[in-house]
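Undergrad: Dumping the structure here so I can ask a few things about it.
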């Protein structure tokens, strides 16, 4: 495989691989890898009266999905169904789901009410220790309890609980006090407490994804970040932190970003890694609305790059970075994709079946056409620096 990438120099570490305007512009020159249309038969509620969106599995240290008595445990952001689902982010809590086959069972809220140091729980990841039964959850605390009104400040925390399989459904209890994964001083990443951005274009320090690099045995955290000192309002990066010791129980130390979309895209959300054939496949999700207004725009979709090592250099998959796109005719139908080691791809149903209608000119559609549930699972194939969308899993 040939690796080629553009770089920005960084005297504090490796050069960050760039996802450039040229890469994004090239999307228009190729057929879109469009996901199948979502229909009414796909919009099946998992938890009554609750909207569900970003979801992630409980994983083993090697990145495989943990087998829990023949099933899987998943975490998912949730909120009561509101007339305006856009407000769900202001009251988000994490739920625990148990999956066997195609059946999802609600196991209740993941954390007790007093665990989160913030006012909302945003996305993260979770690691399982099969020998001890311990589950370590990595999550984003949005806002602070002392905030008079909700803010977009984001902090990264971890907590460890004990898996209990004695009841009718799995539970996780005895959570430790939430401790900071890492503290952001604003030197490597925008301090979101100071520069929060604006609604629809917020800055990032969220979505912690735990990863153990088999090459050096170190634990790392990938996260959604923003580049400080940028001349652009759209300055998204994929950030990195390394564990102080062992698997990260004592916290992590910030490292320079490994991928930057400065000047191109504001949000590279939910970054995560899949190892295949000795290569590092780094995936993230971006929405069409967060691309820079003065540059080319990609569709809302799953994007990715590949590298020979964790820190790069990364080159865009398929030459553009685009792996899965929402259909042009239904550009909002799904979001927040996560690729598993099996190359199955999970996401949630966003605004589906709009048939050309606009949720902003017809506000009723915001509720009526918001799925708020788990989308049909997709499957991709990977060959070096190219991918193929195979269809439904």
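Backbone N, Cα and C define each Cβ position, glycine as well.
Because TrEMBL annotations are produced automatically, they should be read as predictions rather than curated entries.
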Undergrad: Check TrEMBL: it lists 53, 206, 207 as binding substrate. Then name which of 123, 125, 146 it lists for that same site.
TA: 123
Undergrad: Which residues, sitting 6 or more apart from residue 53 (substrate binding site) on the same chain, put a CB under 8 Å from its CB?
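TA: Residues satisfying the criterion: 76, 77, 78, 88, 335, 336, 348, 350, 372.
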Undergrad: Give the sequence-ordered set of same-chain residues, not counting 53, 123, 206, 207, with Cβ within 8 Å of the centre of the Cβ atoms defining the substrate site.
TA: 54, 77, 122, 124, 140, 224, 269, 270, 336
Undergrad: Please find which two of 53, 123, 206, 207 have the most distant C-alpha atoms, given that the record lists them as binding substrate, and give only that distance in angstrom, rounded to a whole number.
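TA: Value for the max Cα separation, rounded to a whole number: 16 Å.
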Undergrad: Could you list the residues of the same chain, at least six apart in sequence, whose Cβ is under 8 A from the Cβ of residue 206 (substrate binding site)?
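TA: The answer is 122, 123, 140, 142, 154, 156, 223, 224.
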Undergrad: Count the other Cβ atoms sitting within 10 Å of the Cβ of residue 207 (substrate binding site), across every protein chain shown.
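TA: There are 32 of them.
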